[in-house]
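Visitor: Could you have a look at this structure, given as structure tokens, before my questions?
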């Protein structure tokens with residue numbers, strides 16, 4: 001089918017690239033990527049590929065290590081494999097251990113399933129039901145994304161700990177308490193907290209653009225609602241679900257602060273290990289592990305892009321029914337149960353943080369907010385103040401959004417063009433998603449912050465401009481992933497009709513194609529903004545002196561010995577400021593919707 | 001690493017374009033330190049690098065007081081605090097990547113930091129050795145806290161790792177052996193020795209207590225008894241505060257905080273296992289390439305003055321490093337000293353610590 005469409009696709013690329021603006025954006029995209037991504041990450045990976053750990057190649061050292069790969073580590077010596085398999089059979093097929101990497105994959109799979117299970121009903125809810133504040137709820141789905149992991153960990157302990165709110169509630173109901181602290185379940189739940197909203201958002205945007213007429217046709221031809229869902233709706237949502245699952249898998253595969261804070265070292269992931277190696281400055285070892293990690297995440301990205309093929313036809317989405325109504329509808333009962341789960345998993349930890357910010361050793365207090373005011377009024381130049389943090393976060397977020405949206409859309413168009421090698425290129429352009437924050441941070445430090453000697457000059461890149469560029473690089477793939485599936489669904493006949501009727505290329509795109517993919521662009525823009533606001537690692541690495549800190553940096557800095565108060569107060573400010581800005585972004589995007 | 005000193009000198013002479021051509025390495029330090037020019041040696045900006053809570057934590061941070069007191073003692077000098085995110089690693093890497101080190105003094109070194117720096121930098125000296133008589137207050141240092149055989153790092157305070165437990169929940173754990181008994185099942189919270197200072201100190205303590213050959217077995221028993229390892233001190237202590245577990249690895253100064261906040265002392269009992277506490281002295285040192293070496297030395301001396309030492313004890317909630325300090329009663333009454341202190345020397349750590357920590361981490365992560 002792709003082959004048949006091939007000619008048209010190439011035609012479309014010419015049609016897109018016919019515009020200089022697009023070319024310009026592409027060139028800028030390339031420059032920013034090379035300077036702030038490929039060069040720094042490349043230096044780290046090259047260190048892994050060509051460096052040495054005690055006389056061995058770092059990558060081979062990882063691949064041959066039973067600790068990292070368990071049973072699979074034997075694969076570096078193919079001649080030993082048959083014997084190893086025989087031994088395993090003789091031992092009576094014991095459970096095979098795939099080491100740290102294997103555990104990381106397992107953990108990420110569970111986290112992805114949990115995120116889908118929690119996120120998809122939300123997408124369906126937003127697509128099918130109308131209720132007061134629906135738009136606001138949709139805007140706020142991104143909120144968990146910006147919360148610093150340390151706050152989430154604090155909230156989760158308060159909510160799900162053995163002495164937590166959930167257990168008090170269960171005790172009050174006369175039910176047995178649950179003990180999930182320091183278990184895989186809690187880590188998976190926390191990962192779902194971060195990623196289910198992402199699934200909701202990406203799938204929700206696709207659902208809103210679903211071709212309703214096809215479902216109606218199927219129903220008209222006698223298909224039951226389930227049949228119509230499986231045969232018509234699901235295939236149309238497929239690319240978006242896959243995109244959400246891919247992002248979740250990548251994030252949870254590369255997760256580290258949540259694992260450290262909630263799981264403990266027993267549940268260590270590859271990224272936890274990488275972080276420890278970097279802290280010990282065992283950089284060659286870290287680089288070897290980074291290469292293995294990046295190969296896994298990049299091939300996954302490639303595979304997902306390969307299967308993220310779109311279906312044609314963009315419509316107006318399902319008719320929305322009012323949510324408030326008779327409870328005799330079993331679906332409404334299901335939604336009620338879902339609402340309860342959302343309340344516990346999402347609102348619980350967030351509310352715990354807010355409550356913590358209003359509580360002192362002696363009961364309710366505003367002293368933590370008073371601390372913020374006092375720090376603002378009297379803080380020294382080397383201390384972090386709240387207002388500059390808020391201002392920087394908002395400015396960096398907007399600037400990153402302004403760069404990431406054109407970049408992301410450009411890459412989506414390129415992916416859609418299906419020129420030979422475009423998938424490989426697409427994978428490379430999606431690499432910022434697939435490269436861990438620690439690897440990028442290490443590369444930025446080595447390649448840019450400490451500087452590179454070039455023609456006798458030391459080139460260093462730091463400061464606000466670098467931070468914004470780094471945020472944009474981290475964020476644009478989200479724009480691409482939300483726009484690309486929709487772009488693939490655009491009915492080309494509409495564009496062609498417009499052209500036949502005399503519209504210029506730009507005109508046809510602006511009037512026909514843009515409105516059709518706008519929900520995706522808005523969803524992507526909000527994501528890009530959220531990435532920027534929540535970003536911590538490269539911000540703190542690239543921040544020059546103390547002038548470029550953001551809200552999450554302030555949260556971390558306000559964590560004191562034995563007091564969470566000021567940090568949770570700053571976390572609550574972060575929550576409020578970003579909540580307002582998400583609503584604004586969605587509303588502004590909504591005005592442009594036809 | 002030899003190239004770095006070369007590049008810096010050549011660069012200063014304005015012919016940095018030739019930096020790639022290696023030249024004979026000469027120790028440039030003698031020339032840079034002695035020639036601070038015609039300006040007053042005790043004037044100007046002193047760049048002091050430290051870890052960020054030292055200047056920016058809401059609860060305790062001595063930074064602001066130190067800056068103010070030092071600047072009034074040296075009216076022509078200004079302290080500029082620097083808090084790079086990666087701490088000492090920032091400067092080790094700057095040295096590795098031929099970047100100029102933009103600090104004069106580092107405050108907050110541990111013995112294992114120093115081992116790592118020396119391990120990474122080989123011949124290059126990141127810090128300047130200070131001869132014994134350089135600091136006029138050097139005589140008052142508590143000798144057993146000195147941890148740098150090369151005399152670069154000068155201790156300025158020390159903490160003692162101990163257990164903090166809730167006496168309302170459990171009996172006092174008195175020995176390491178107690179912790180692996182059923183009575184203490186599911187009671188203990190620890191920190192990751194790869195990434196957390198107290199976590200690492202506790203690991204080193206078990207090695208000192210159980211011996212290099214047996215500590216991994218001990219840890220297996222500890223984990224089998226339901227001990228849990230959090231990422232860092234904050235996470236572990238937060239969980240402890242939320243009554244998730246009744247015992248946590250922390251510092252023996254815990255009650256100083258508890259007293260300040262009028263918290264139930266039952267919940268802040270200190271346990272010294274086997275009557276020991278693991279000493280973690282914190283040191284400070286002058287960078288070899290310090291632009292203001294005399295001012296830096298004056299600062300180190302100032303940090304050891306009795307008044308400063310007393311203030312650091314209160315504001316950093318750690319024991320003074322000198323015999324002349326006289327912290328107020330609010331500190332001395334609640335800060336507990338272990339009957340016996342344990343620690344590893346620089347030489348014991350050098351060459352071993354990486355292997356110990358790696359073996360430990362692999363065992364824990366492999367479950």
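Here the Cβ of each residue, glycine as well, is placed from N, Cα and C on the backbone.
A quick note: this is a predicted structure, and the numbers were derived from the prediction, not measured.
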Visitor: Ranges A:80-102, A:172-194, A:195-217: which does TrEMBL label transmembrane segment?
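Guide: Range annotated as transmembrane segment by TrEMBL: A:172-194.
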Visitor: In TrEMBL, which of the ranges A:514-532, A:533-551 has the transmembrane segment annotation?
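Guide: TrEMBL lists transmembrane segment for residues A:514-532.
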Visitor: Compare A:426-449, A:461-479, A:514-532, A:567-585 by their Cβ pairs under 8 Å to the transmembrane segment (A:139-160) and return the stretch that comes out on top.
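Guide: Stretch with the highest Cβ contact count: A:567-585.
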Visitor: Could you check whether the transmembrane segment (A:335-355) and the transmembrane segment (A:105-127) come into contact, where contact means at least 3 Cβ pairs under 8 Å with the two residues of each pair 6 or more apart in sequence?
Guide: yes
Visitor: Against the transmembrane segment (A:172-194), which of these stretches has the most C-beta pairs under 8 Å: A:20-39, A:105-127, A:240-263, A:283-305?
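Guide: Checked against A:20-39, A:105-127, A:240-263, A:283-305; highest Cβ contact count belongs to A:240-263.
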